[in-house]
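Going by TrEMBL, these are the annotated features:
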type     : residues : note
BINDING  : LYS552   : ATP binding site
DOMAIN   : 37-172   : domain 'Bulb-type lectin'
DOMAIN   : 366-453  : domain 'Apple'
DOMAIN   : 524-799  : domain 'Protein kinase'
SIGNAL   : 1-31     : signal peptide
TRANSMEM : 468-490  : transmembrane segment
Amino acid sequence: MNVMSTSPSTLFLIALLWCIILSFTPHHSISISTSAADTMFAGQSLTANQTLVSKGDKFELGFFTPGNSQKYYIGIWFKQIAAVQKKKTIVWVANRNKPITNNDSSSSEFKLLENGHIVLLIMSSKIPIWSTADSSDPSRTMDDSSVKAVLGDDGNLVILSSTNGKALWESFDHPTHVLLPGARFGYNNLTKKSMKMTSWRNSEDPADGIYSVKLESDKSFNVIWNGSQKFYNSGVWNGRFYSNIPEMELGQGLMSSFQFTSYDNGSFDFKYILLNKSSPFYNFMDSTGQHKGVIWSPDIQDWIVIWSKPMFHCQVYGACGAFGVCRENNIPSICQCLSGFEQRFPKDWDLLDYSSGCVRRTSLQCGNEDSFLKMPNMGLPQISSQSTNILAVDNAKKCELVCLQNCSCSAYAYNTNSSSSGGSIRCLIWYGNLLNIEQLVGDKGNNLYIRLAASQDHLGSRMKPSRIWIIVGVVLSGTIIFSGTTFLFLRKQGIRRLARTPKQGDSCIFLTAFRYKDLRLATKNFSDKLGSGGFGSVYKGILPNLTTIAVKRLEDVSQDQKQFRSEVSTIGLIQHVNLVRLRGFCSEGRKKMLVYDFMPNGSLDKYLNHQNDSRTLNWQQRYQIATGVARGLAYLHEECRDCIIHCDIKPENVLLDADFSPRIADFGLAKLLDREFSRVMTSMRGTVGYLAPEWTSGVAITAKADVYSYGMMMFEIISGRRNQKQSKNGKVWFFPTWATRKVISEGQPVVSILDNNLEGNADIEELSKAFRVACWCVQEDETLRPSMCQVVQILEGLLEVNPPPILSYLQAMVDNEETANFFSE
């Protein structure tokens with residue numbers, strides 16, 4: 001939408017013109033009848049208590065007030081969901097920047113004029129507050145007096161010519177903060193303009209916020225702060241989904257079709273269509289600065305976030321405003337002010353709008369009397385050439401003096417990172433407002449020194465011991481009372497929902513807490529056993545709403561607590577189409593269970609290592625499974641905030657849904673590692689036959705251990721047999737050794753190692769890539785193994801792969817060990 005500057009005289013002429021137009025309309029508008037209709041004809045209007053309702057009863061249009069606001073807007077919302085939640089999920093707002101005051105709400109009308117435009121006006125003044133003419137193409141004339149406005153079941157409000165049915169204007173062309181299925185999101189190559197979604201200011205103000213998302217000329221989209229600062233990119237479009245949003249492909253089981261349409265002039269548009277329309281879905285630009293996709297869950301009667309980009313709130317540019325500190329997963333407020341600062345606009349903070357940031361309680365004296373507050377383990381503020389100075393100094397005191405000598409200096413950090421000139425100390429000085437400060441977990445942060453007025457140098461250091469004990473006593477007493485009350489309340493509940501609808505700023509995961517007796521009933525006293533793993537057995541169950549679930553019952557009491565914490569914290573924080581979804585859990589004394597989505601086709605091992613042709617997977621299914629598992633592991637290793645190592649990748653831990661799409665399961669052995677550091681794991685994990693050599697060598701375990709296990713599993717997917725077995729004479733037969741000797745040394749075709757059940761029916765190019773990937777993944781030297789992201793690129797045809805060397809450490813007969821090179825130049 002073009003934004004044009006308008007002079008006061010022009011505004012006066014526009015207002016005068018509207019008054020003239022409206023003077024020719026009847027003084028008494030024809031209102032829509034009280035019975036809901038989806039169509040409004042020329043001359044008809046909506047008033048405060050009237051609405052349009054789409055033919056299928058899915059969407060409703062009318063006046064609304066967000067939250068506790070006293071201002072009125074025209075909007076579109078999900079009708080049936082509003083009835084369930086007793087609040088409206090707004091998907092489009094007409095007058096987002098021009099609200100109607102409470103005094104004018106009863107005398108306002110939303111009217112379709114005979115000139116083909118809709119206007120929102122206060123009847124007493126006849127001056128339009130909003131009109132479709134404001135956003136229409138100036139070259140388009142709408143002089144057809146036979147027009148109507150229709151609200152469709154897709155949520156699109158369309159002005160149609162009754163004579164030829166042509167769409168003269170539609171709300172889908174003018175999105176506010178939501179992109180609904182079927183709506184196009186376009187880029188005009190002639191004007192270099194892109195459609196965009198702009199966040200609400202906060203939960204009670206739909207006016208344009210500071211975050212937006214728009215398409216770029218390369219077909220990717222950026223999330224933008226304040227109209228200029230790009231801080232997140234979707235990655236490239238690969239024909240099915242964006243590379244940085246793999247969740248789009250299936251959307252947690254939501255089947256969608258994504259379409260790009262390119263035009264001769266270089267313009268293009270993007271849209272998605274729901275194939276499964278039983279569960280409403282939409283994506284939107286949240287006021288938190290995150291671009292989110294949400295789906296309606298009939299089970300919990302709430303919206304579930306299935307992807308959020310950036311994934312974490314603290315990755316959003318300016319998330320907590322100036323001098324605000326972001327603490328991920330800090331409940332209830334993810335943002336707090338630095339010591340010595342206070343909220344600039346507390347009412348905005350109450351609405352989880354932190355963009356206004358914080359201000360000093362006491363102004364700086366601009367002299368050497370100012371002091372510094374040390375804040376350990378911090379993510380450093382935004383570094384830019386305009387607001388940051390980097391100096392080489394001998395010690396921290398000199399760094400502090402440099403800051404004191406400049407009245408604009410707000411903070412400094414003194415790091416021992418070596419510079420390119422050879423080992424000098426680096427001093428960072430920040431001027432003006434500080435943005436993007438984050439309190440980190442662990443000890444991987446830096447010391448940040450915040451400048452404070454001399455009168456504040458006592459902050460946090462001079463509280464009397466007696467006062468401390470009084471505060472501690474009050475806090476402990478309050479905590480005990482609150483905990484006891486909460487416990488008694490929860491005991492009275494049946495199935496308790498632990499997460500609520502996400503408000504502005506939330507990034508919570510939606511898990512359900514089940515009672516033991518409810519799961520025992522759902523599983524028929526744990527009678528239908530699906531399988532067992534290292535720490536427990538899995539049972540099939542059916543909830544009262546007929547949803548099928550898989551319940552993992554943790555059995556080893558000595559290990560339950562560790563297993564339980566690992567699985568809940570790990571699976572509950574991650575969401576990906578190729579990872580099994582944790583629905584909830586049970587924790588009652590020694591009884592601890594995890595509740596997962598049920599995978600109707602079981603685990604991958606049931607379709608390998610057997611001679612039953614009826615259960616044989618064809619090559620297309622196998623390649624799809626191998627690619628999906630690679631994507632899931634790439635997500636765990638690279639996309640999560642901390643690198644997550646699964647530690648037990650094998651066919652038994654790959655589950656298959658109704659479409660034979662793979663879901664990685666059993667995160668009980670998963671180990672979260674700091675992305676910047678690897679550490680030695682002292683206890684042996686995983687399954688023999690899939691363990692990387694480094695597990696027994698005592699060296700640090702990295703994500704490359706999962707790569708090795710994946711390679712071993714890839715050999716089994718190709719061959720349909722176990723990688724090792726013992727012959728009658730007691731000798732161990734190792735398939736990867738035999739396969740590499742046969743294909744690489746003897747020059748046999750790669751189809752010679754294919755599962756006999758396939759009878760040679762496979763895409764040879766894909767089979768060759770899969771074989772080479774498997775060989776590279778199981779290299780003894782982990783530096784020669786590819787990353788899982790590289791594996792995905794190879795399998796998707798985006799990266800070439802060289803022929804691998806023979807597995808010399810496994811094949812003692814091979815003496816020639818040449819330097820390995822993984823990628824083609």
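Every residue, even glycine, has its Cβ placed from backbone N, Cα and C.
Quantities reported herein were computed from a predicted structural model and do not represent experimental measurements.
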Number of other Cβ atoms within 10 Å of the Cβ of LYS552 (ATP binding site) across all protein chains: 27
The domain 'Bulb-type lectin' (37-172), counted residue by residue under DSSP: helix, strand, coil: 19 helix, 55 strand, 62 coil
The domain 'Apple' (366-453), counted residue by residue under DSSP: helix, strand, coil: 9 helix, 39 strand, 40 coil
Whole-number mean of pLDDT values that fall within the domain 'Bulb-type lectin' (37-172): 89
LYS552 (ATP binding site) - helix vs strand vs coil (DSSP): strand
